[in-house]
Amino acid sequence: PKGHKLVLYVFALTFINMDNAIQSFELGPENEPQLLKQFKSFQRQYLTVYLAVMGADWIQGPYLYKLYNSYNLDLTQIAMLFLTGFVSGAFAGTAVGSLADTWYSMTIINNTYFTLIKRKKNPPKKGTLINNYALLFLSHVLSGLATALMYSVFESWYVSEHTSRGFPAEWRARTFALATLLNSVVAILAGLLANSLVDIWGFRAPYIASMGLICFVATMVVTTWTENYGSNESTNVDLLKTLKGGLSTMVKSKNIMVIGIAQTFFECAMYIFVLLYIPAIENATKGGDLPFGYLFSTMMVAVMVGSMTFQLFERQAKTGPRFFMECKEDKLLTMALGLASCAFMAMAYHGNSSTTILLMSYHLFEFTTGLYYPSISSLKAEEIPEETRAAVMTLLRIPMNLSVGIIMWHVEDMSTAMMFSICGIMTSVGCFLVIAFYGN
């Protein structure tokens, strides 16, 4: 298909640019050859596992809504499943995520359960919807726990290992940018693969493929990662004390609070977008059999471009023009939030009347996602103390999970345009807060 070839063409161009970015990093005058060699080996060790587990998650994304539709679930029922996952992430994920120094392998275990439970050989038949819905409910309880771990434990492990091995602190930002860029590549390939698998074997096929990736991740973690326990006392850590320590760190730092609020607003909007983008485009195009895997892949190209933009600014920050030197991570975060607000407002006010504007808005928002993740990760690595890092990063996800849950609880009471408007307001407020209060 022409769409397939276009995605691969854009992917090839961005991969060439990515290689140039890596080469410019390696040839930097400040890098000692031996230390750089050790760092690149460590970086590959981390990225292999990180990208594999993200691939297992991405491949489930393009057809999740359609899978649930095939189970005869409506938007409200699907939203309740999403709500279950966010509530689980806010509470159960907090308890486990704050003990990340000794529990990081739980991410793999719970992702495995999530995938296994969602893999069904047959769609629910009449009279069995309640039983199948109960299984899906359980799968989202586990997925909420797994997601809370996935977005805190891997990053915490990397930052801790990066520091303990004596690598320069400024190299962390480059790893986060590269991780976001390569994550976009994985997501693009996952979308193409998911589309092909669905064409051949149906909506359940991507979940079977995800199981294979999870097994690979488990093998790599056991054989290549060192066990990062933190301090010697961490195996007997007091959960309440750990959470209190993380909360105390947050309250004492204005910058961490601002970062937390910005993260809450952006990621809350992002997860609402994940729920709504397929029904919104189906409504705008009046239904039809749309190639959602290809759409997903082109949106991931936009994420990749956003990540490459971050890398461009990061490389030029020291020696480039004055404009680049002034655009540090907090300014790039502000840019991501501001552009995301514009994208959501366009979805809200023109989404029903113009499919072109809707698709352009989708891709603009995904561009901001590629800009957002390395920016926020770099700021968190800089601001959050090592001793409370895992607890703080897990606590920061609580308001986001609860906010998404509140909105999804009222999904049947609000139109799609209204929810996109709420997302636009949240991201614009986050943009203002970062401008007004971060670093001041």
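Just so you know, the numbers here start at 1 and follow the chain as drawn.
Backbone N, Cα and C atoms are what each Cβ position is placed from, and that goes for glycine too.
Range annotated as transmembrane segment by TrEMBL, chosen from 206-225, 386-405: 206-225.
Below 8 A, the CB atoms of the transmembrane segment (206-225) and the transmembrane segment (133-154) form no more than two pairs separated by six or more positions in the chain, fewer than 3 in all.
A contact between the transmembrane segment (175-194) and the transmembrane segment (292-312) is present, since 3 or more of their C-beta pairs, 6 or more residues apart, lie under 8 Å.
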